[in-house]
Amino acid sequence: MSTLDLTSLTWVSLADQPILETGATVFAFLAATRISRLGGNHPLLNPTLLAIVLISLGLEATHIPYKTYLRGADPIHFMLGPAVVLLAVPLFRQRAVIRASARLIAVGLGVGLPVGVLSAVGIAWVMGARSQTILSLAPKSVTAGIAVGISEQIGGLQTLTIVLVIMTGITGAVLGPLIARLARVDDPRVVGLTMGIASHGIGTARALQINEVAGAFSGLGMGLNGVLTAILLPLIFRLF
C-alpha cells in the first residue's frame, strides 16, 4: 500500500469521528473570516463562500465522501437553531427603530417577496426549464429549513432547492452591499431589510457586519419573508 493510499485510509477512518468534521468546519470558517478581514471585508471574500471552498478542497484532498462529512458535522446543524434565535438580540435592541419603520418594512416585503419569486420563476420559464425545476426555484429566497418544506409541498426537488438557496444567499451577501453602494443607498434599514428578504441567513450574517441596525432589519426581513412565503406560496400554487 502506497503512502498516499495509507494517508487517505487514515483520514477516512478519522472521518467516522464527528469531532473531525465539526473541527474542520469551525477551522474553515475561522480561516475564511480571517482572510475576509485581511482583505478589508471585500464582498468577494465572503466568509461563507471561502469556507465552502476550503471544505470542498479538503474533502477532495482527503477523499472523504460528502455524506460522511455531513453526518459528522451534525453538531453544527444543531447549532443553527440557537443561532437563529440569537437574531432576536439585535431585534430587541433596535425595537424602537423597527416600530418607527413599519411602513418601510411593509413596502419592502410587498415588493421583495413577489419579485424574489416571480423573477426566478419567470426567467426559468422563459428559458424552457422543466416544471419541477421551476417549482424548486420558487422558494430560493427563503431560509433553507423553510424552503425545503415549501419545495416539498409544491412539488419541487428538495436537494435542488437547497443548492439554490445557498447560491442565492452567497450571491446576495457578495453583491448586496456593492449594489447598495452603486445605487447610493446608505440607509442601513433599507440595506438590511432587502438583504434579509433576498438572501436570508447568509445575507443577514453579512448585514450584521455592516452594523447592528442593518443586521436587525435583515433578520426581521428574513423571518417575515419566510413566514409569508411558507403561507402564501403553497396556497397560490394550489389555486393556479
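Yeah, the Cβs are placed from backbone N, Cα and C, and that goes for glycine too.
Taken from TrEMBL as is:
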TRANSMEM  44-64  transmembrane segment
TRANSMEM  76-92  transmembrane segment
TRANSMEM  104-127  transmembrane segment
TRANSMEM  160-183  transmembrane segment
TRANSMEM  214-237  transmembrane segment
Name the range, of those listed as 44-64, 76-92, 104-127, 160-183, that has the largest tally of Cβ pairs under 8 Å with the transmembrane segment (214-237).
-> 104-127
Taking residues 6+ outside the transmembrane segment (104-127), which of them lie with a CB under 8 Å of any CB in it?
-> 98, 133-134, 137-141, 189-190, 193-194, 197-198, 217, 220-221, 224-225, 228-229, 232-233
Per the Cβ under 8 Å criterion, with at least 6 residues separating them from its ends, the transmembrane segment (160-183) contacts 43-44, 46, 48-49, 52, 133, 136-137, 139-144, 147-148, 150-151, 190-191, 194-195, 198-203, 205-207, 210
Same chain, outside the transmembrane segment (44-64) by at least 6, Cβ under 8 Å from its Cβ: which residues?
-> 8, 11-12, 15, 24-25, 28-29, 31-33, 35-36, 166, 169-170, 173-174, 202, 205-206
